[in-house]
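Remarks on the structure that follows.
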Amino acid sequence: MAIQPFTLRIAQSELNDLKLRLAATRWIESIDDDSWREGTSLNFMRHLVDYWRDRFDWRAQEARLNAFPHFIAGVDGQQIHFIHQRGKGPSPMPLILTHGWPGSFVEMLDIIPYLTDPARFGGSESDAFDVIVPSLPGYGFSSAPTVPGVGAGQTAHLWAALMGKLGYGRFALQGGDLGAGVSSWLARLYSARVIGLHLNFIPGSYRPYIDDKQPLTEEEQDFAGQSAAWANEQGAYGHVQGTRPQSLAFALNDSPAGLAAWIAEKFRAWSDCDGDLEKAISLDVLLTNISLYWFTRTIGSSFRMYVEGRRNPLLLSAGERISPPLAVAHFPKELPMPPQSWVRRGYNLQRWSSMPHGGHFAALECPQELAADIRRFFNTLR
């Protein structure tokens, strides 16, 4: 399949069906609601569902999405959806931005102008990028895998092939969450083609080689304890999605309120919002992202990355290191972040930026700050 332009257009019948389902929501009982300790608040969900049903304008959001150039490409048997926004400058550097879960390409929309047209925001046109934002396999308008094995490593092969189709020999990478895993695999497998790697998250599946000559430092041991505590308190979603994804998918694929509750809780817990999600992310943006999962029926296929991550972690062998230069932007409300020493064990860490605010969804929460850090790092590699 050749690369084809693509326009988003959800059928009106789908919009009508969504409104009917939202109107028919069967509400739960709640004991300790406003604390969110046991999951998504009932009061918040009533507010969100009411807004989604009565005030959210999908057509307006669809027009906003279509303001970017979308394409579909056939790559190694997969249909890959992506945005390809050309940079405005003398020699834009190609840059792949890879989203994570429970996000989508929607996460990246606000950061694109800062990267493709920095001069518009007071920067230099010499720092411009050609930005490519693919949808992960089984997310949005990218086709779902039909066989096991399409995890971060296989997705890295797809991205490399896509960049070849677009005529790019070498390229830069940026990602957080699952996008950090895909980007790391891509840098590992295609090091000669990767100019550099910028991450705002270190993949949870990253496992550098450890031997008796390099025991864990006290700081690394503390991080291991923090990660275990976080997994015990907040990691149930990942365990279910990685072990019994299909059972969960039946429920979330059939109930828009259930889908919204599952996704919204993560945006609140992982963003820098002080408990008020709308301080960090508007309901329109949140619901555009959730609606994308709903209309494309991809919540179940989105879980496949968790299944494959358990089966094939980023496990480095003795003496192995991901060689392209790495920059890390650490946002203060990010999930547990390893110390620099842990990162250096398996990456060629060149830059570490402690960001003033922001959380897990950096491109969505702090697009201007993240873009500036990306530009500063890759400016040294042009």
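Every residue gets a Cβ built from N, Cα and C, even glycine.
Within 10 Å of the C-beta of D177 (active site, nucleophile) there are 27 other C-beta atoms, taking all protein chains into account. Look at TrEMBL and you will find D177 tagged as active site, nucleophile.
Its own atom aside, the Cβ of Y306 (active site, proton donor) has 22 Cβ atoms within 10 angstroms in the protein chains shown. According to DSSP, Y306 (active site, proton donor) sits within a helical segment. Marked as active site, proton donor by TrEMBL: Y306.
Feature annotation from TrEMBL assigns active site, proton acceptor to H360. Counting every protein chain shown, the Cβ of H360 (active site, proton acceptor) has 22 other Cβ atoms within 10 Å.
Residues annotated as domain 'Epoxide hydrolase N-terminal' in TrEMBL: 3-108.
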Summary of DSSP states over the domain 'Epoxide hydrolase N-terminal' (3-108), given as helix, strand and coil counts: 38 helix, 23 strand, 45 coil
